[in-house]
Amino acid sequence: MLRTAPPGSPYHRLGRTDRHRWWKPIVGTLALLASAAVVTGLLFIVAAVVGELANRPYDADGFPTFGPIPDTALLVASLALLLPLVLGTVWLVQRRPAGTVSSVLGRLRWGWLGRCLLIATPLIIVMLFGANLLLGLTDESSILDPVATWVGWPEFAAGLLMVLLLVPFQAAAEEYAFRGWLLQAVGAYLRTPWPGIAFQAVLFAAAHGWGSGWGFLDLVFMGVLLGWLTVRTGGLEAAIALHVVNNLSAFTVAAAFGGLSADETMADAPWQLVLVDVVALSAYALVIDRLAARRGLATVVPPALVVAVPGEPSALTGSEPQASNAGVESRG
């Protein structure tokens, strides 16, 4: 039988069930890394074989290239594969419902996710305009700007279709890996969430590569803020919403103006973009935190939570003694 954390457990402690052993988060992390390497390797091997058979040209790294849109799709898809791998690791290694990575209710709270998307969308749009305005006022152009002019409707339509189909899963997968698995892995050992929040934020920034000091700090700040917001709201929904809207906006602009082939990422962000990011992300966190409090959103495991898992007996809350939180509502 799968087990969940005891009633009253906050999000970062959801891996601390009565079946927790000191080695499980470590083994799970290694298993996740190994499986990601294998699956990604297989994906790129298949792509290399197809490229060879199709007599495709090679890029500077000696890998077949299929064009900006297919190449971007391959990269984004390889990151999106982290999502099922994280869920599988939680179920197989820790023997708890995969949904406990989503929230304290053992599932993704779709209604709450929708509300977060409604807040994130206009904020990201304002952030993009604000960044461009500040760059213009300081007589600088961001290295994240598109490298070419309008690509035309046919190419943009193809790029936009790829973005809409794959990018939401890529952004969500990163949240499940960093704000989900890593935060809960550290939280299985420590009651305070801050070491886990800091740990995953630094790794999140490092995973984007080293570009500029400002870009690295921007990514660390984003990781810390989304980690705090995840614990504060009891789930990944707010982080997923912001990440999805942010990436959709960036990839859509890139698809429109020929930027899909660019190597730059958020790690290369200039100080102007970082300044706007800090203000916008802080505003988002404040609004989400207030809205969650007003709605009485569940931020800890409610009493007698039963998580339905297909093919498994019902997953019951663990038996570790915890303070009762009977007054917490379980809205989603």
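Placement of Cβ uses the backbone N, Cα and C atoms for every residue, glycine included.
Whatever TrEMBL says is automated annotation, not expert-curated.
Annotated features, as they stand in TrEMBL:
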COMPBIAS  316-332  compositional bias 'Polar residues'
DOMAIN    160-248  domain 'CAAX prenyl protease 2/Lysostaphin resistance protein A-like'
REGION    313-332  region 'Disordered'
TRANSMEM  26-53  transmembrane segment
TRANSMEM  73-93  transmembrane segment
TRANSMEM  113-135  transmembrane segment
TRANSMEM  147-167  transmembrane segment
TRANSMEM  188-207  transmembrane segment
TRANSMEM  213-231  transmembrane segment
TRANSMEM  238-257  transmembrane segment
TRANSMEM  269-287  transmembrane segment
Chain residues outside the transmembrane segment (26-53) and at least six past its termini with a C-beta under 8 angstroms from it: 63-66, 74, 77-78, 81-82, 85-86, 88-90, 92-94, 177, 181-182, 185
Segment-segment contact (the transmembrane segment (269-287); the transmembrane segment (147-167)) at 3 or more Cβ pairs under 8 Å: no
Seg_contact(the transmembrane segment (147-167), the transmembrane segment (73-93)) with at least 3 CB pairs under 8 angstroms, min sep 6: yes
Average model confidence [pLDDT] within the domain 'CAAX prenyl protease 2/Lysostaphin resistance protein A-like' (160-248): 98
Distal contacts, the transmembrane segment (238-257) - CB-CB under 8 A, six or more residues away: 69, 72, 112-113, 116-117, 119-121, 124-125, 128, 144, 146-151, 155-156, 159-160, 162-164, 167-168, 170-172, 174-175, 179, 226-227, 229-230, 281, 284, 288, 292
Residue numbers, six or more beyond the limits of the transmembrane segment (188-207), whose CB comes under 8 Å of its CB atoms: 10-13, 15-16, 20, 22, 24-25, 174, 178-179, 182, 216, 219-224, 227-228, 231, 267
Secondary structure content of the domain 'CAAX prenyl protease 2/Lysostaphin resistance protein A-like' (160-248), with strand meaning DSSP E or B: 75 helix, 1 strand, 13 coil
Non-local residues, at least 6 beyond the ends, that sit with Cβ under 8 Å of the transmembrane segment (213-231): 10-12, 175, 178-180, 183, 193, 196-198, 200-202, 204-205, 238-239, 242-243, 265-271, 273-274, 277-278, 281-282, 285, 288-289, 299
